[in-house]
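Written out below as structure tokens is the structure these notes cover.
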Amino acid sequence: YSGLPAFTEPYRKGWQLAVEEINAKSGRPARRRRDPLWIRALPTLSVVLFLALWEAAVRAGEVAPIILPAPSSIARYLVAMIVDGTLPYNLAVTFARIMAGFVVAGLLGVLVGVLMGMSRIAAKVLDPWIAALYPLPKISLIPLLIIWLGTGEAYILTISAVTAFFPVVISTFAGIRQTSQEFVKAARDLGASTRQIQVHVVIPAAIPSIFSGLHLGMGVTIILVVAAEMIGGSNQSGMGYLLIRYGQVMETEKVFAALVVLAVFGGVIIKAQQAIDRIVAPWAFGKH
């Protein structure tokens, strides 16, 4: 609870005493039974088995390599594209585009969501716009953005920011509105001002919901940036550009290599987000 304001000290002590009393009455908490080794190895074994069957099917001539190349062939191309710098460079370009749009969308989305959550007037004014624009498939905006902005960086950054903005706004707004009134009442009884309640109670309570919106925003941003690079990027760079270029010349192994890199990249980004969440707001994830 180290991140909570000072006026919550009496409640923190009460919560701590209650937890200690429950633990004393219930005895030592039971340890969760650990799964056997073979069960823990199942995910890895399933992947290895799948790749082995895939390799065998291609080598046996059951599948044409141009349709589905062997994993070993994909691995060779993957290594070659990493060594010659093709994948690192284009991945860095895509990552920069994703982060530029995501940072703008995250900041604006949180600000607008907090404003809507704390101001009924702002909520009344902005809610119809959010409700109308959020369900609109953002990929359908690409032709319009190309007309307005061309096919350069501005077009890709705009689609990136617009895509991430709405999940962040909605999750932030929901988190603010769902703050427990008991916490608000307790803070008010302890003499907290409205601003103190907003800053030290309402916003911290909404952190888990805000982070959920940021996770959703990051996921859809990755998808839309790659799609924008495929459809209209004029700079001939980025992972989306590689996918469409290799697909047009039927270099299936390189397409799969780029897809593998994107899958790993997406997983790393999500895990990094989760780690940052726990560092920035440990109280929201049960770490006191």
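Glycine is treated like the rest: Cβ placed from N, Cα and C.
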From 199-221, 222-244, the residue range that TrEMBL assigns the feature transmembrane segment: 222-244
Spatial neighbours of the transmembrane segment (37-54) far in sequence, C-beta under 8 Å, 6+ residues away: 68, 70-71
For the transmembrane segment (129-149), distant same-chain residues with Cβ under 8 A (at least six beyond the ends): 155, 158-159, 162-163, 166, 169-170, 220, 224, 227-228, 231-232
Contacting positions for the transmembrane segment (222-244) when only residues 6+ beyond its ends and CB under 8 Å are counted: 86-87, 89-91, 93-94, 97-98, 101, 138-139, 142, 146, 150-153, 155-156, 159-160, 163, 254-255, 258-259, 261-262, 265-266, 269
